[in-house]
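J.: Quick one: structure below, then a few questions.
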Amino acid sequence: MTLHAQQISLSIGKKQILKDVTFAARAGALSAIVGPNGSGKSTLLKALVAELPSEGQISLNGRLLQDYAAWELASLRGVLPQAAHLAFPFTVLEVVRLGLMAGPEAQNTRLPFEALARVDLEGYAGRSYQELSGGEQQRVQLARVLAQVGAPMREGQPCWLFLDEPVSSLDIAHQLTVMDIARQFADGGGGVVAVMHDLNLTAMYADHVHVMTGGETAGAGTVADVLTDQRLSEVYGCDLRIGKVPADAAVFVLPQTARA
């Protein structure tokens, strides 16, 4: 089963943000979208989940998005937004329960607590969401998404996580916790699409990388094929070098000097 988007274009006002982008991700894999600020990463993710209207075709698990009922999509995919702010005075538990409202597990009282435990927030259920730090709010939102989709597979179909910069507000320990959760979800047969800024975390966890620049695709493929010195240096406008850890040949990205 796959996610497939073909010739996606999107404009806001008179400004074109995405230009004929084709994107593919498969269930059982973690696909990362990377690129510099303003390259169209988050806009592409929003187009993939139909949060923003776009030209082109998008299919999920073999069906066009428009052929799904809203409740079907809610049970198959969870979306973690970049901004975690909520204007209402919810408790943490109430926020996580929002993820259950549209699905078959709406009355499941156990799932929200299990989801909070997975993101290291046991004991936070009764706390005010607005009083949490940005990183804690980000983890609460991930718990909401996990409660919504449940397991990586449902009735023989893969479920999907769409994560917009899921570790941007987190310390290194919780970055690894969140990426481990995403990796485990993919290893369990689900699909994960994540907008990432950290190229080293991308190299550690991703199976597939899609590089964006100027609203267009600059490369797509495996970590080894896509994360190259030349491509990254051109896309990011600075001198980047790819190295490998001797013990296991894992790829890492090492910045050199900024371009003059």
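Positions of Cβ are set from backbone N, Cα and C atoms, glycine also.
Dumping what Swiss-Prot says about this protein:
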type    : residues                                               : note
BINDING : Gly35, Pro36, Asn37, Gly38, Ser39, Gly40, Lys41, Ser42 : ATP binding site
DOMAIN  : 3-239                                                  : domain 'ABC transporter'
J.: On the three-state reduction of DSSP, what should I expect for Gly35 (ATP binding site)?
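T.: DSSP call for Gly35 (ATP binding site): coil, neither helix nor strand.
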J.: Of all the binding-site residues given, Asn37, Ser39, which has the fewest Cβ neighbours within 10 Å once its own Cβ is left out?
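T.: Among the binding-site residues Asn37, Ser39, the lowest count of other Cβ atoms within 10 Å belongs to Asn37.
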J.: Compute the centroid of the Cβ atoms of Gly35, Pro36, Asn37, Gly38, Ser39, Gly40, Lys41, Ser42, then list the same-chain residues not in that set whose Cβ lies within 8 Å of it, in sequence order, for the ATP site.
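T.: Neighbours found: Met212, Thr213.
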J.: State which of the following binding-site residues has the fewest other Cβ atoms within 10 Å around its Cβ: Gly35, Pro36.
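T.: Ranked by other Cβ atoms within 10 Å, the binding-site residues Gly35, Pro36 bottom out at Pro36.
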J.: What three-state secondary structure does DSSP assign to Lys41 (ATP binding site)?
T.: helix
